[in-house]
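The feature active site, proton donor is assigned by Swiss-Prot to Glu206. Summarising the annotation, Swiss-Prot assigns active site, nucleophile to Glu387 and lists sequence analysis as the type of evidence. Residues or ranges marked as N6-methyllysine in Swiss-Prot: Lys135, Lys273, Lys332.
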Amino acid sequence: MYSFPKNFRFGWSQAGFQSEMGTPGSEDPNTDWYKWVHDPENISAGLVSGDLPENGPGYWGNYKTFHDNAQKMGLKIARLNVEWSRIFPNQLPKPQNFDDSKQDVTEVEINQNELRRLDEHANKDALNHYREIFKDLKSRGIYFILNMYHWPLPLWLHDPIRVRRGDLSGPTGWLSTRTVYEFARFSAYIAWKFDDLVDEYSTMNEPNVVGGLGYVGVKSGFPPGYLSFELSRKAMYNIIQAHARAYDGIKSVSKKPIGIIYANSSFQPLTEKDVEAVEMAEYDNRWAFFDAIIRGEIMRGSEKVVRDDLRGRLDWIGVNYYTRTVVKKTEKGYTSLGGYGHGCERNSVSLAGLPTSDFGWEFFPEGLYDVLTKYWNRYHLYMYVTENGIADDADYQRPYYLVSHVYQVHRAINSGADVRGYLHWSLADNYEWASGFSMRFGLLKVDYGTKRLYWRPSALVYREIATNGGITDEIEHLNTVPPIRPLRH
């Protein structure tokens with residue numbers, strides 16, 4: 001048996017926009033994402049699926065059923081978020097000392113008077129309902145990580161359709177320092193309201209996806225779908241500042257640890273000659289971001305500067321991992337290659353002969369070990385695996401995927417990395433952003449018509465892991481690449 005440390009926790013992660021809607025009264029129409037997926041032009045262009053989040057799994061109304069299933073599975077940790085737009089659906093008065101002419105936001109004033117002013121504008125019904133959800137979670141002995149931001153912005157801060165059409169007069173989301181100020185205030189306010197129920201905080205989930213797919217990978221179907229490398233860099237600059245100011249804001253009302261959750265790929269060289277390409281890819285896609293919020297090092301234009309107001313703004317790292325990226329060195333640097341990682345055909349095999357998921361993502365568990373150990377060796381901050389899972393409606397690969405990736409976490413811990421939990425993505429099927437309901441990541445299968453939850457076989461495998469604190473001898477045989485099925489005709 002592969003046993004984990006006694007204090008290690010197995011659990012799950014989920015997001016509000018993807019899971020909450022689906023029961024009467026659960027709709028949240030006041031976000032950029034809601035407007036984006038309902039936009040007729042986006043739907044007709046195939047940028048989004050046409051599936052609508054208000055038909056989702058219904059966690060807002062049925063959270064106790066979700067928690068019942070998690071408890072039966074033996075899960076002991078959960079990462080959830082508060083939807084910003086539910087708490088502040090309407091535009092707030094501008095923050096004190098706000099100056100939109102300044103590129104650098106080095107401080108956002110947070111005090112008791114400011115928090116009380118925010119409280120006057122907050123949606124009390126939403127606050128009370130979130131408290132009911134979190135209290136129910138805690139009553140079951142589940143350790144709780146509260147994440148502040150999992151992609152949707154309030155419409156009063158970001159109108160993605162206007163930006164997509166080239167209107168940058170506002171509201172422009174992460175292109176504006178106003179969003180930096182507001183996120184700091186929101187994060188401090190949420191910590192002020194819920195600190196008695198929270199064990200640890202995360203400021204954001206996968207900020208690199210927001211800054212990348214919204215402005216560079218515009219065919220991904222992510223808002224605002226405005227192609228501009230310059231604006232992508234501007235958005236990431238503001239996101240880094242927003243994390244640091246939110247960290248300060250939360251610390252002003254709480255002593256709990258604060259992390260950030262990041263989308264990771266394991267960069268692998270095509271040949272031995274491409275090791276330098278891996279180093280460049282890791283810096284561009286990972287270390288540049290974390291060097292900013294840990295060491296204070298950030299690029300301003302073409303110049304690297306050190307900002308003390310960014311330094312040391314992180315207590316732990318949330319590692320999201322699904323697959324790898326194979327890179328090759330070029331004259332100008334490096335390039336990522338199709339046929340591996342995220343760039344494969346769906347339900348097929350990669351160029352390496354490895355099976356791929358319903359999403360076309362390659363089965364590559366050893367990449368999780370690579371990511372965890374490299375984070376540990378560079379920063380020595382403790383970690384959680386905050387997302388790991390597979391789109392697999394048939395649940396054929398998921399049992400293998402689950403055991404193989406949990407094993408790689410065990411390897412990383414044995415190599416000295418401080419990893420304190422594994423949170424699977426996800427407990428139940430949900431709304432997979434631009435792909436709608438077609439991509440099913442759940443241990444529990446959702447019947448979207450009845451909102452009933454059904455246990456997939458992989459849920460039984462995860463229960464075996466969670467209740468025994470590791471990979472037992474009975475399921476160790478799943479620590480391998482799943483046998484590849486014949487191609488369907």
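Backbone N, Cα and C atoms are what each Cβ position is placed from, and that goes for glycine too.
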The residue listed as 'active site, nucleophile' and Lys135 (N6-methyllysine), Cα-Cα, nearest whole angstrom: 23
Between Lys332 (N6-methyllysine) and Lys273 (N6-methyllysine), the C-alpha gap once rounded to whole angstrom: 15
Most Cβ neighbours inside 10 Å, all chains, among the active-site residues Glu206, Glu387: Glu387
DSSP state at Lys332 (N6-methyllysine), helix/strand/coil: coil
CB within-chain contacts under 8 A for Lys273 (N6-methyllysine), separation at least 6: Lys329
Among Lys135, Lys332, which are modified residues, the residue with the most C-beta atoms within 10 angstroms of its C-beta: Lys135
Integer Å distance between the CA atoms belonging to Glu387 (active site, nucleophile) and Glu206 (active site, proton donor): 10
